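Here the structure is laid out as structure tokens; the discussion comes afterwards.
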Ligand code: AMP
């Protein structure tokens, strides 16, 4: 596995691969890798000849300076996990390398970002689109892998790929969970032990809402039941609990067979902000 630190080195590398007729996959991450990331890498390695994994804690997508400062950074441990999973190139740039000049261009994803993470983390998706767009240009992958744990992010990146005609296939991968249901996340490392024991309630709340919707409850009733369940554990502060059309992300009044719906939440627990979602397919 090669480790590259500069944009120029990555561009040169991927250009050679393209010339040699190889298929390239990109897996963008912020590091502190877990099994969820590794499953993306393994899936990419199955489908492509070259797997580029980027690790970059992107300052422009953090609206909370403490979250950026405390975000776990473990580059050596990450590098050791990547080669066995099938990573060919680890791209590990500095902030100066990714942002030689402050970027001024702004993305506006319209209704897609006027909900959930977009509302609660102002500027977040502008930072995501900026860095993902740069990574797409530097690595020119045939495929790019993203996790459904960040459902809204997948929708936003899909929109950017379409609007800017990026010549790549976006592959979205189901959420990988701990045995007790907690969605794997780099931020889980920061959960105090006591908080970690109650954290699976978030997934249980999503399942509760999904079950109610399947039985014909209105979105408002399902949302209320799930929110009350979360509130019964005082360690949680619920930021949002939304039931939305899985494609447009706009609120729905209930679940109707034929309409994929996503149930999304964000909550604070033990000083950590967690997100999760569940999708109801037709
Ligand atoms: P992050 O390092 O958190 O920015 O995540 C990098 C990529 O891995 C993103 O596309 C995430 O959606 C994806 N990812 C993170 N956690 C999981 C998980 N538990 N299951 C599947 N994909 C994940």
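Placed from the backbone N, Cα and C atoms, the Cβ positions cover glycine too.
Annotated features in TrEMBL:
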- 37: active site, proton donor (ACT_SITE)
- 30-37, 147-150, 176, 184-187: ATP binding site (BINDING)
- 61: beta-alanine binding site (BINDING)
- 61, 153: (R)-pantoate binding site (BINDING)
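The Cβ of residue 153 ((R)-pantoate binding site) has 21 other Cβ atoms within 10 Å, all protein chains considered. For residue 61 (beta-alanine binding site), the spatially nearest entry among the binding-site residues 36, 148, 153, 176, 186 is 153, judged by CA separation. Proximity of the binding-site residues 33, 61, 176 to ligand 1, judged by a Cβ distance under 6 angstroms to any of its atoms, singles out 176 in sequence order. Across the binding-site residues listed here (30, 33, 176), the residue whose Cβ sits among the most other Cβ atoms within 10 Å is 33. Across the fold, the C-alpha of residue 176 (ATP binding site) and the C-alpha of residue 37 (active site, proton donor) stand 9 Å from each other. Counting only same-chain residues six or more apart in sequence, the Cβ atoms lying under 8 angstroms from the Cβ of residue 148 (ATP binding site) belong to 154, 172, 173, 174, 175, 277, 279. Here the Cα atom of residue 33 (ATP binding site) is found 18 Å from that of residue 153 ((R)-pantoate binding site). For the pair residue 37 (active site, proton donor) and residue 153 ((R)-pantoate binding site), the C-alpha distance works out to 15 angstrom. Residue 186 (ATP binding site) sits 16 Å from residue 153 ((R)-pantoate binding site), taking the C-alpha atoms as the reference points. Counting only residues at least six positions away in the same chain, the Cβ atoms of 147, 149, 175, 176, 183, 184, 185 sit under 8 Å from the Cβ of residue 36 (ATP binding site). Residue 30 (ATP binding site) falls within neither a helix nor a strand when secondary structure is assigned with DSSP, and so counts as coil.
Mapped onto three states, the DSSP output places residue 176 (ATP binding site) in coil.
It is 14 Å from the Cα atom of residue 153 ((R)-pantoate binding site) to that of residue 30 (ATP binding site).
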